[in-house]
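Here is the structure we will look at.
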């Protein structure tokens, strides 16, 4: 009894609240989606706990549990194709990205190619831009009226160089906008692998291409595989580019699931697709985790190795030209969006017919609300995730709560669209009717981006020794007061860095916004998406530019904080 | 101020028992040392008193208050941590003022609390009331740090940091002061002067103080009484002189100062002395014992070295014959390693200039008075 009383201090209450938070807003939705995928109709698990009538009907539904739905998915051509297409998409993107990145990474890591700094800097662009904007940029470039198509036709080509509204279009967007995820791990892998082994190979008489294929590449292979698995998960879960580009006859899981829920309210179908998505994403995430466990390719530590960079003129020039081509495409895509945002009209011509700031004026007069919404929602998610992440890292680091550590990393494997469907499905009826409220949107953003925040706060938490906290308690502070006055301020740099990251990702977020945002809370991403759907391309472009500018500013703040922290 | 009493305290971590049946009775105003090798349970004992560990069973009293169910923040034990655990984001003044802020926080209404939280987070967000300011400056003056009040703790030397930690613990007027290896992070020279400083402060304030150390010299020179611990047991409690001259076990004899420990068998009694025989020696001791096999303890400085041909009255003192295998000149003393049977005895003799030193290989006679041969 006494033990119970002792442990019932403020911190324990907080811990319980955190578990309730995750349980209610993450585990319960995922569980109920799982249940619905079997019952085929909405199941109100929360209601079953509070209302006997609902409990009875839920029990009825449980009696109907069958594998019928799953049987149907494999007989339903639509679903099966969707799964197949999604896997093909992710697989193709992965292979292409790895092939594209190997020369690029090799050039950055091992050669003195010209414009290396510029190339590295330009590789940041794809990370800043949300994929639904990149997809839309590809329409401006490669669409029927796109300027690339114009050039292509002028040069004698027929039709389109690349049809953006196709599988190839989705692949292209993902390749050019996801490659940095693989690039930096690969650069690290190439830097780490031992140069003296290569020299030994050359010394033994091997030609340099032979050395690359049989020595350098195998040494970097673990890095390559782990990046490939990461890309696979990212591509598989991406919602932005398929929803903008995928044509009606191209079934993809994310798009299919979105249509089931927003068009047909087919709970059973959406649930099955969600479960399949989570399983696939979790499996590949797990593979990647398994692969990187105990290895640290990202960080080069210890004694700096003397790196001899290759200076061969022909090789470095070819590599440099190739790299510039790769990084220029995202840049051109963004410039196209910027150009469209100031164009009066931009039809089937190389350049717009005239320039105007009217689209920005329109945005600032009619769509100011979306910008405000984005900032308010992102701030809300930031505050909530700071609170949750700080306590989560406290419990994980100080009390070795492995359970919380695991729970807080679950969002990493749940695709946004899947999580959105799970939330809608769980909270659209009493007792907790939250669907369509800003609160649920904020909670969704928070949970989705929590792993970033936790990683950041956990780092600073580990740097605080336990006895500093004990000293505070010894001086009369309750554990909670000690956490607020000592641990909190000491974690501030980590919290600040994590918050900026959360803010940025929330502003960029597409899937959850599109699924969950009520009209009066529509953020910028949803407004852009709707504008694209309504073919209001000029306002979409202007809004995109504002969004990217906002992200750029925040990114600058983040790197400033990061630098200050290192000093 | 208060006494500290521990009754039948045990502490287990899973299958491992860190403390077995600890009983301590520390008087008010006493300077008490917990001494032992690492892993002996001395720090765990202290952490139980401070409230950072809950004893598995037993009772702890501070003054008349039974505390083992009182949380650490309400025990009023000032603690000086081994690493000092100063708050790195606060300056010296704010570190020392922390406990006073917390005290005020607990006694205030929510609105006032906001102001106190404010100044706890940054001194720019709230002003310190005069009474706190004066009290902090007074204690800083006492530890000679009043000129450093605005410094960050990272800018201070090790000795200064130690004094901040001490001031921070003292300002709350604790019932007991706990110090965990307070000198281990200081260099040799500083350690010596800090020893005196701590002892002086303790005497000035008359505060009950418990300190943990693995350094017997530190414990013996500072403490009023010492508890020697080994493997989770308290093996002996006593004044430093008590421990030195009457160790209760070979472990203590060895841990507290240097000892020669020989195994012997009691042969009988002769003229009121106990006769002990062992490999290469026959000794008479004034210690009475009922045991048959005993450990014979002889301190190095209680042995005299005489030439092999000197004539000694065997009734007056014990005589052992041996061979010098090494002599080390240490300034004021000469240390001999003497082979006696299968034992190598350590012998310290005071050296006065001009006296001759027995060379290696020389046969010698060692003499020890009957009172100086301890049987355990």
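Every residue, even glycine, has its Cβ placed from backbone N, Cα and C.
Those TrEMBL annotations? Automatic predictions, nothing curated.
Sequence-distant neighbours of the transmembrane segment (A:12-36) (same chain, 6+ residues past either end, Cβ-Cβ under 8 Å): 42-43, 45-46, 62, 267-268, 271, 274-275, 278, 388, 391-392, 395, 401, 404, 407-408, 410-411, 414, 418-419, 421-423, 425-427, 432, 443-444, 447, 480. According to TrEMBL, the feature transmembrane segment maps to A:12-36 (among others).
As annotated by TrEMBL, domain 'ABC transmembrane type-1' applies to A:83-288 (among others).
Per TrEMBL, transmembrane segment is recorded for A:87-109 (among others).
Residues annotated as transmembrane segment in TrEMBL: A:121-145 (among others). Counting same-chain residues at least six beyond the ends of the transmembrane segment (A:121-145), those with a Cβ under 8 angstroms from any Cβ of the stretch are 160-165, 169-170, 172-174, 176-180, 183, 238-241, 243-245, 327-328, 330-334, 336-337, 340, 346-348, 508-510, 525, 528-529, 532, 537, 540-541, 544, 547-548, 551-552, 555.
The transmembrane segment annotation in TrEMBL covers A:165-188 (among others).
Annotation source TrEMBL lists transmembrane segment at A:209-232 (among others).
For the transmembrane segment (A:264-287), the residues of the chain that approach it from at least six positions outside its boundaries are 30, 33-34, 36-37, 39-42, 69-70, 73, 79, 82-83, 86-87, 229, 232-233, 236-237, 253-254, 256-257, 412-415, 417-418, 421-422, 425, judged by C-beta separation under 8 angstroms. As annotated by TrEMBL, transmembrane segment applies to A:264-287 (among others).
If one looks beyond the transmembrane segment (A:314-339) by at least 6 residues along the same chain, the residues whose Cβ comes under 8 Å of a Cβ in the stretch are 100, 103-104, 106-108, 111-116, 118-119, 122-123, 125-126, 129, 133-134, 136-138, 140-141, 147, 176-177, 179, 346, 351-352, 541, 544-545, 548. Sequence annotations record features per position, and here TrEMBL assigns transmembrane segment to A:314-339 (among others).
The annotation domain 'ABC transmembrane type-1' is assigned in TrEMBL to A:371-558 (among others).
Taken from TrEMBL, the feature transmembrane segment covers A:375-397 (among others).
According to TrEMBL, the feature transmembrane segment maps to A:404-424 (among others).
The transmembrane segment annotation in TrEMBL covers A:430-450 (among others).
Taken from TrEMBL, the feature transmembrane segment applies to A:471-492 (among others).
Feature annotation from TrEMBL assigns transmembrane segment to A:537-561 (among others).
Non-local neighbours of the transmembrane segment (A:404-424) in the same chain are 18-19, 22, 25-27, 29-30, 32-33, 233, 236-237, 239, 254, 257-258, 261, 270-271, 273-274, 277-278, 281-282, 285-286, 389, 392, 395-396, 435, 440, 443-444, 447-451, 454, 509-512, 514-516; each lies 6+ residues outside the stretch with a CB under 8 Å from one of its CB atoms. Residues 14-15, 18, 21, 404-405, 408, 438, 441-443, 445-446, 449-450, 453-454, 456-458, 461-462, 483, 487-488, 491, 495, 498-499, 502-503, 506-507, 521, 523 of the same chain lie 6 or more positions beyond the ends of the transmembrane segment (A:375-397) yet place their CB under 8 Å from a CB of it. Long-range contacts of the transmembrane segment (A:471-492) within its own chain (CB-CB distance under 8 A, at least 6 residues past either end) are made by residues 9-11, 14, 390, 393-394, 457, 460-461, 463-464.
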